[in-house]
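The feature domain 'Nitrile hydratase alpha/Thiocyanate hydrolase gamma' is assigned by TrEMBL to A:30-207. Look at TrEMBL and you will find A:C118, A:C121, A:S122, A:C123 tagged as Fe(3+) binding site.
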Amino acid sequence: MPHDHHDHSGLSPSGHPYRADNDTPLSYWQRMEIAVRELLIEKGHLDAAAVAAQIDAMDARSPANGAAVVARAWTDPAFKARLLDNASQACRDMGFDIGPLHLIAVENTPDTHNMIVCTLCSCYPRNLLGLPPDWYKTREYRARAVREPRAVLREFGVDLPDSTTIRVHDSTADMRYIVLSARPAGTDGMTQDQLAALVTRDSMIGTGLPRTP
Amino acid sequence: MPERVRVKTIMPPGHVRIPAYLRGKTGVIERALGPFPNPEQLAYGLPAASQPLYRVRFTMDELWGTAAEHPNDTLDAEIYGHWLEKV
């Protein structure tokens, strides 16, 4: 039971370490964020509700948005051409509010597999897909994805033959990336919604493949 | 014939968006992305002149030599024009 006596220094009933309470002093940048936010509110440039609304808007974004984009590209050749030409505009045309996001879609083909990383920090197409998974931000993924992408892919369960060229994309600057996977076999006649359910978050990062029906 | 470029080997202090593992490496321009404000000034709130931004494609052989898993796999990164020199 959650509130039976237990030892907080050990593991939770589900076997995970307890996260320490955030009792440490604020860092310089945490104090700076609070100071700037309070000044902006005091001076009437925004209010707390507006800050909360932005957090809600970001939390409402999810990989489902990207899955809808990919599924449409699988079924609509004209849209796919627009997506590969200008992915930001193609997403906006579908009604997604992606703000100033500069998006590039990279296409997997029978002989090419694409994979996304940001070695410098954690750049990710948040305005389309929402927040990145924790592992995407780890030093381990960031360092290994560019040096041994095939080993990393195998750990994700994707074992590609030597005949497949792997293209790793390091989002070092102003662009963000989404992988357009190949449409899985056996999906003829499926609707866009049914297809979108096959598109996983990891398939859009390139560390996974879409589900098969 | 794609344009061959080399990333400069300079190591300036401050906010730089060119990963160290690409310094001195040669690749080809995959596409030009247009002008973007230089983050080396933007990060400090300074007036930032625009720089042309390119996607540059490197082979894993160029980056890692014999340690590469597969020499013909590639790495694409966005590099600002003032960091590139023609080869």
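Just so you know, glycine gets a Cβ as well, placed from its N, Cα and C.
Nobody curates TrEMBL annotations by hand; they come from automatic prediction.
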Sparsest Cβ surroundings (other CB atoms within 10 Å) among the binding-site residues A:C118, A:C121, A:C123: A:C121
Env. residues of Fe(3+) site, Cβ within 8 Å of mean position of A:C118, A:C121, A:S122, A:C123 Cβ: A:T119, A:L120, A:Y124, A:P132, A:K137, A:R142, A:S171
A:S122 (Fe(3+) binding site), number of other Cβ atoms within 10 Å: 16
Helix, strand or coil at A:C123 (Fe(3+) binding site) [DSSP, three-state]: coil
Arithmetic mean of per-residue pLDDT over the domain 'Nitrile hydratase alpha/Thiocyanate hydrolase gamma' (A:30-207): 97
